[in-house]
Amino acid sequence: MDEVVSASADAARDETVCVYIWDMDETLILLKSLLDGSYAGAFDGLKDPDKSIDIGKRWENLILELCDEHFFYEEIENYNEPFLSAVKEYDDGKDLTTYDFEADCFSSPYDDLNKRKLAYRHRTIGEKYTKGLEKILDNHMIKVWNDLYSATDKYTDGWLSSAHKLLEEAMGKSTVEPTGKHASINCIVTSGSLIPSLAKCLLYRLDDVVAFENVYSSWEVGKLQCFKWIKERFDGPNVRFCAIGDGHEECSAAQIMKWPFVKIEFRPDAPHRFPGLNLPTIHRVMAAVYDSSSNDG
C-alpha cells in the first residue's frame with residue numbers, strides 16, 4: 001500500500017512512474033530450458049546439455065527444500081493465492097513469536113478459521129522474505145546456494161547477474177542510465193504457484209529489487225487479471241506500464257491492456273535476451289507505444 005501512495009505522490013510531482021511487469025521463468029531466470037536441454041540446444045553444441053540438466057535439477061531440489069523447510073509448502077501447496085496479502089483480511093495481527101504452526105491443525109475445510117491460519121503463514125513468509133536467505137539458511141546451505149548461483153551464471157554467460165543489474169537500474173540503484181524524472185517499480189507476474197515463486201525470488205537474488213508484495217501468481221487467475229490488479233494498484237496520470245516476458249500469455253495480456261511488451265528469448269542471436277537487454281531499449285519500446293497513444297489522442 002505504501003508503494004501506491006509513493007506512486008501517486010511521484011505522479012503528483014509530474015514525474016514519470018514506470019511500472020515494469022516481469023515474467024520470471026525463462027525471462028529473469030532460466031530453469032525449464034536448463035532442465036529440458038533446450039537452452040544448450042540453442043547453442044549448436046557449444047553448451048554441454050548434461051551440465052545444463054544437472055544445474056536445473058540442483059535448482060529444483062534447492063527450491064523445493066526452501067519451500068518445504070521454511071515456507072510451509074507441504075501444508076499450503078493446495079491453497080495457492082495470487083499474492084501474499086490475498087488473505088490479509090483474515091489476519092488478526094496476533095503475535096506469532098511463540099506460535100506453534102505444527103499444532104494449529106491447518107487443514108480443510110477452507111473456512112474463515114483456516115484462512116486465518118493461512119494468513120499467519122503468509123505473514124511469516126513475507127517476514128522471512130524481507131529478512132533474506134542469510135537469516136534463514138545455515139552456513140552450509142548458503143555455500144551450496146552461492147556455488148549454484150555462480151555456476152549457473154557462468155554457464156549462461158551472466159544471464160542471472162545481468163537480469164538483476166537491469167532491475168537495479170530500473171529502480172534507480174545504478175548510475176548507468178540517469179533516471180532523471182523517472183521513478184520505477186518492479187513487479188513479477190509468474191504462471192507458477194506463489195510460494196515456490198517467492199522461493200525463486202530469494203534464491204535467484206531478486207528479493208532486493210522486487211518486494212514480496214509485488215510478486216503475483218497467475219496460476220489460477222491468469223496473467224490478464226494480474227495485470228489489471230497491478231494497473232488498479234499503481235495507475236495515475238503519469239504512470240507508464242511495460243510487460244517483459246517470453247510467453248504468449250503475457251504478450252496477449254499486454255496487448256489487451258495496451259501496454260508495451262518486450263519479448264525475451266534465450267537463443268544467442270535473439271534481439272532481447274540477457275545479457276544484452278538494457279533500460280534504454282525498454283524505454284524506446286515504451287516511448288513508441290505511449291507517444292503513439294498521445295498523438296492518436
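Cβ coordinates are placed from backbone N, Cα and C, and glycine is handled just like the others.
Feature annotations, reproduced from TrEMBL:
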- Asp23: active site, nucleophile (ACT_SITE)
- Asp23, Asp25, Asp246: Mg(2+) binding site (BINDING)
- Asp25: active site, proton donor (ACT_SITE)
Between Asp246 (Mg(2+) binding site) and the residue listed as 'active site, nucleophile', the C-alpha gap once rounded to whole angstrom: 7
Packing count at Asp25 (Mg(2+) binding site) (other Cβ atoms within 10 Å of its Cβ): 18
Least Cβ-crowded entry, counting other Cβ within 10 Å, from the recorded positions listed as Asp23, Asp246: Asp246
Chain-mates of Asp23, Asp25, Asp246 with C-beta within 8 Å of site centroid, Mg(2+): Met24, Glu26, Thr27, Leu28, Thr190, Gly245, Gly247, Glu250, Ile264
